[in-house]
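Okay, structure first, notes after.
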Ligand SMILES: Nc1ncnc2[nH]cnc12
Ligand SMILES: [Zn+2]
């Protein structure tokens, strides 16, 4: 039985969120508002109909709906509103810092300039810091179902903003699009001083996780679930102290795990992996970051000490300067004492 005191404890626990696609925080209510504001047709009659459509059997099922939803985002104000809405919601979950992904190609490929996307998000992030005190960083993700040239073109487009972008990531359809396809663009990003992260081992095999480490030279791993199939890989991740951004509600909704009671996070912790908990695409998967902590407390028996460890890991694995990390970890420890 779950300890009933864990819910309020999780609610107030200071934490960072390190795996959040800003386009995946587009709630149906805002989708409708933006569709009306921008006169964009959406194939739904009501907010309830949108939510009812959110039933997925795999990653691709979800991605098809997620890219369609992003069609309502057209102006700088839209991206500002999207970001601010996410930070207000996550501040209510005691998120103190977030490193958020955006998918520029989803927008530039439909004619929305990179500048509109980046400036809109950055202004929403600045407004959220002023209003909620939540700090944030932006991570530019390349869509892996597109080719290497398109990724290079996106990196080029981003050049004027690189002082406000902390790193690059790799997302979208994993199987059939191995990390090796993006080795050169990740090398270029590294030479520009950008951090590197990649989705790996969500649906793809352990070999993709090895490639993300050895070819993309990642600083942090997104998901990484299937690493658990390969003991040598687990040992490597543990010895390097690699942070994994794990997303249980996403894993359940996308059928990466059948039952949250069998989620690998407790075993990952037991193996000494530096795991964090995150919401991925909260508007589509039914919960923000605290719902992910709570789901594993309720269904996988995550203990109070494990919850504190995960929150510490979230700051430790962030791209904040070391002094800021230490200050925020001290906040977690003071809260838990
Ligand atoms: N969970 C996920 N995996 C891959 N690409 C994504 N884009 C948004 N969410 C994603
Ligand atoms: Zn993701």
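Every residue gets a Cβ built from N, Cα and C, even glycine.
Note that TrEMBL annotation is computational and uncurated.
The active site, proton donor annotation in TrEMBL covers 202. According to DSSP, residue 202 (active site, proton donor) sits in a coil region rather than a helix or strand.
If you look up TrEMBL, you'll see 19, 21, 199, 280 marked as Zn(2+) binding site. The Cβ of residue 280 (Zn(2+) binding site) lies under 8 Å from the Cβ of 19, 20, 21, 24, 247, 249, 250, each on the same chain and at least six residues away in sequence.
For residue 281 (substrate binding site), the Cβ neighbour count at a 10 Å cut-off comes to 26, with all displayed protein chains included. Feature annotation from TrEMBL assigns substrate binding site to 281.
Summarising the annotation, TrEMBL assigns domain 'Adenosine deaminase' to 14-333.
What TrEMBL records for 223 is site 'Important for catalytic activity'. Close to residue 223 (site 'Important for catalytic activity') in the fold, though at least 6 residues off in sequence, lie 19, 199, 200, 201, 202, 244, 245, 246, 247, 251, 256, each with a CB less than 8 Å from its CB.
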DSSP, reduced to three states, assigns residue 280 (Zn(2+) binding site) to strand
Fewest neighbouring Cβ atoms within 10 Å among the binding-site residues 19, 21 goes to 21
Residue 202 (active site, proton donor), Cβ-centred 10 Å count of other Cβ atoms over all protein chains shown, is 22
Would you list, in sequence order, the residues of this chain other than 19, 21, 199, 280 that have their CB within 8 A of the centroid of the site's CB atoms, where the site is the one recorded for Zn(2+)? 20, 24, 101, 171, 222, 223, 245, 247, 250, 278, 281
Listed recorded positions: 202, 223, 280, 281. Which have a CB under 6 angstroms from an atom of ligand 2? 280
Measure the Cβ-based neighbour count of residue 199 (Zn(2+) binding site), defined as the other Cβ atoms within 10 Å of its Cβ. 27
